[in-house]
Each structure stands twice: as C-alpha cells, then as structure tokens.
Amino acid sequence: MLNGRAVDTSRRPLRKIKLSLMGPAFIAAIAYIDPGNFATNIQAGATFGYTLLWVVVWANVMAMLVQLLSAKLGIATGKNLAEHIRDRFPRPVVWAYWVQAEIIVMATDLAEFIGAAIGFKLLFGVTLLQGAVLTGIATFLILMLQNRGQKPLELVIGGLLLFVAAAYIVELIFSQPDIAALGRGMLIPNLPDGNAVFLAAGVLGATIMPHVIYLHSALTQTGGEESKTERYASTKFDVAIAMTIAGFVNLAMMATAAAAFHFNGYENIAEIEEAYITLQPLLGNAAATVFGLSLIAAGLSSTVVGTLAGQVVMQGFVRFYIPMWVRRIVTMLPSFIVILAGMDATQILVMSQVLLSFGIALALVPLLVFTGNKELMGELVDTKTTQILGKLVVLIVVGLNAYLLISLL
C-alpha cells in the first residue's frame with residue numbers, strides 16, 4: 001500500500017534492525033495529539049484540575065494495545081485491515097464500511113486542519129481563512145515527501161511529534177504544576193460528577209482514533225528481509241516509544257491547563273483561542289507562543305496522517321486510487337466551507353470528535369477477529385489474554401462513547 005523498505009539483516013544485530021524499523025508508530029501516534037486532544041484536555045484540566053489525569057493514562061495504555069494489534073496484522077498477513085474486511089465481508093457491507101471510513105477520515109481531517117489554521121491565526125495574527133491557506137500549503141509540502149518513500153515522511157512527522165513533546169515540557173516548566181497532586185491524579189481513579197464522566201468519555205474518544213487503526217496496518221504490511229518475528233519485536237519497541245511520547249503530551253496538556261487555569265480561578269476555559277489569550281497574562285508571551293507553535297505542529301502533522309489514512313481506506317476497501325494532491329484538495333473543502341460560513345471553530349472540533357466515536361468499534365471489532373485467527377496470523381496470533389484485553393477495550397470505548405453521544409443528544 002505504502003512504500004516499504006528493504007534492510008539487509010545478514011550482518012546486523014537485532015538492536016540495529018529495531019532502530020531501522022522504527023517509524024510507523026510515530027506516524028500513528030501523531031493522531032493521538034491532534035487539535036481535538038488539545039480542546040478536550042484543556043477543558044478537562046481547566047474544569048477538574050488533575051482529577052482526570054488517570055483517564056489519560058489508561059486511554060493511552062488502551063491505545064498502545066490497539067495500535068500494536070493493527071501493526072501486527074500488517075506484519076503477519078501482508079495486508080491491511082481495510083483489505084481484510086474487503087476480502088472477507090459481503091460486498092454491500094464492504095461499501096458501507098468504506099463510506100463510513102471516508103466520513104471518519106474527513107471528520108478527523110476537518111478538526112486537524114482547522115486546528116492548525118487556529119494556530120496560525122493565534123501566532124501570526126492572520127484571519128482564520130488565511131491560516132487555512134497556510135495550512136493547505138504546508139501540508140502539500142509535507143505530503144510531497146511521500147514521493148521520496150515512507151522514511152522521509154516518518155522522520156518529518158516523528159520530528160514534529162518530538163517538537164510538540166518538547167513544547168509541552170516547556171509549558172510544564174512555565175506552569176509549575178503540583179507534582180504530588182499530579183501524581184495522585186494519574187494513579188487514583190475519580191469521577192466526581194456527571195460532567196467529569198462526560199469529559200472522561202471525551203478524552204477517550206479523542207484518544208483512540210479509528211483512521212489510524214486502518215493506517216498502521218498499512219504502514220507495516222510491507223518489509224524487507226527481516227522475519228516476521230523480528231519485525232514484530234521492532235514494532236513493539238516502536239509502539240512503546242511513540243505512544244509513550246504521545247501519552248506524555250496528553251498528560252502535559254491537561255496538567256498545564258490544570259496548573260495555569262483551574263488553580264488560578266479560570267475553570268470555564270472551553271476554547272483553544274480562549275486558552276491562548278488567557279495564557280499570556282498568566283504565564284507570559286513565551287508560554288503562549290510555545291502553545292501556538294505546538295498547535296500548528298500537531299495540526300499540520302495530524303492532517304497529513306489523515307490524508308494518508310484516506311488513501312489507505314479507499315485503496316483497501318474499493319481498490320480505487322486518486323493522486324494524493326487530489327485527495328488533499330477534496331478533504332480541505334469542508335474546512336474552507338466551515339470557515340467561510342463563520343461557524344465556531346472549537347465547536348466544530350468537538351463535534352468532529354463525537355462523529356469519530358461511531359467508527360471506533362467498527363474498526364476494533366474486525367481487527368480483533370482477524371488478529372485472533374490462527375490460520376490468518378500464524379505464530380503471531382493473539383493470546384487468549386490479548387483477546388480478552390482487546391474485547392475489554394472495545395466494551396469500554398463503546399460504552400463511554402455511547403454515554404458521550406447520549407449526553408449530547
């Protein structure tokens with residue numbers, strides 16, 4: 001599907017093979033720190049302080065499992081999740097799957113694209129429309145790297161992930177959170193009221209992203225001369241590092257919002273622009289600037305990942321291909337329509353996260369069916385424990401997202 005890479009392993013130790021294969025999980029991990037996460041984590045931290053940090057911890061653990069299963073499917077079978085669904089499900093079901101997956105990808109891209117545009121607006125004082133134009137140009141330039149193969153794209157997106165992580169280390173230094181209270185928030189589950197449950201569902205819904213479940217299996221489905229066991233060992237290392245970084249960023253987002261807003265009496269911060277403006281007098285212009293830069297980096301990289309995921313679902317489900325630049329133009333249109341119509345940008349981010357909740361179970365259930373199939377997976381088939389944990393994740397995700405949807409209706 002996407003470009004693989006050949007690596008001569010005859011004279012190389014496993015440690016070096018692991019390092020050469022690192023990358024796909026860094027592309028997937030970007031989806032876990034997109035602008036939707038910014039909005040949700042800021043609101044949760046401002047409203048409840050450190051209380052909901054434990055939700056981020058467990059959501060990230062669940063996301064690690066999901067991404068590892070997705071990557072393993074590609075390694076074991078040489079096919080991605082969309083292709084397996086196409087080959088094993090009735091044709092009408094496949095077409096329905098494709099349509100919902102495309103809607104999910106476009107909803108995701110809408111949030112990510114508008115998030116980056118907001119970042120440009122805040123940082124450079126341009127209009128939201130001008131920010132959208134800058135976002136479009138920047139994403140085209142990043143996507144051009146795909147012509148050089150998968151590795152350059154992995155390096156750039158991985159670099160942006162590390163930049164966002166570094167930015168939030170700076171934000172934590174500026175905000176000076178209470179370390180003891182932060183630790184308690186991470187370790188002690190607590191949902192003080194119905195609004196906390198609502199925000200917890202939002203955090204989980206913004207964390208596990210259906211489009212990268214499809215994408216990750218495509219990023220790992222081709223390889224060089226390494227054995228499947230070697231590739232899977234490398235992938236576990238890749239997923240652990242990338243998702244730990246993404247988890248740290250989400251924790252830092254919420255902790256910064258708690259320290260800067262909640263404990264300074266600003267408990268009703270619900271919009272990204274409001275958070276930026278409020279940061280300036282509280283922590284200084286430097287902190288606000290770092291926040292804006294991290295929002296741009298997260299938005300640009302995640303919208304690129306969304307475009308790649310769109311290619312995977314179209315080619316995988318219906319064997320149809322369109323040039324990347326055409327897809328980028330088509331998926332930008334809803335963002336420009338929203339901006340030109342004067343809709344509330346942050347509200348659109350929240351609505352897009354709700355729409356995503358419809359696609360999570362639709363991706364997770366067949367993924368578990370396939371990775372638990374001995375005939376299909378061979379020696380990489382899931383253990384009984386893995387299958388139980390996977391089904392538990394499905395139940396939690398579906399339950400909390402159902403609560404989120406019912407609460408919003």
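Note: Cβ is positioned from N, Cα and C throughout, glycine not excepted.
Here is what Swiss-Prot says about this protein:
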type     : residues : note
TRANSMEM : 19-39    : transmembrane segment
TRANSMEM : 46-66    : transmembrane segment
TRANSMEM : 98-118   : transmembrane segment
TRANSMEM : 122-142  : transmembrane segment
TRANSMEM : 155-175  : transmembrane segment
TRANSMEM : 196-216  : transmembrane segment
TRANSMEM : 241-261  : transmembrane segment
TRANSMEM : 290-310  : transmembrane segment
TRANSMEM : 320-340  : transmembrane segment
TRANSMEM : 348-368  : transmembrane segment
TRANSMEM : 388-408  : transmembrane segment
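Against the transmembrane segment (98-118), stretch 196-216 shows more Cβ pairs under 8 Å than any other of 46-66, 196-216, 241-261, 388-408. Counted over residue pairs separated by six or more positions, the transmembrane segment (196-216) shares at least 3 Cβ pairs under 8 angstroms with the transmembrane segment (290-310), which defines the two as touching. Counting Cβ pairs under 8 Å to the transmembrane segment (290-310), the top-ranked stretch among 19-39, 46-66, 122-142, 155-175 is 155-175.
For the transmembrane segment (122-142), the most Cβ-contacting stretch among 46-66, 155-175, 241-261, 320-340 is 320-340 (pairs under 8 Å). With a threshold of 8 Å between CB atoms, the same-chain residues lying at least 6 positions outside the transmembrane segment (320-340) that come near it are 105-106, 109-110, 113-114, 117, 128-129, 132, 136, 139-140, 143, 146, 306-307, 310-311, 314, 348. Same-chain residues lying 6 or more positions outside the transmembrane segment (155-175) and placing a CB less than 8 Å from one of its CB atoms are 23, 26-27, 29-30, 33, 142, 145, 242, 245-246, 248-249, 252-253, 255-256, 259-260, 283-284, 286-287, 290-291, 293-294, 297-298, 300-301, 304-305.
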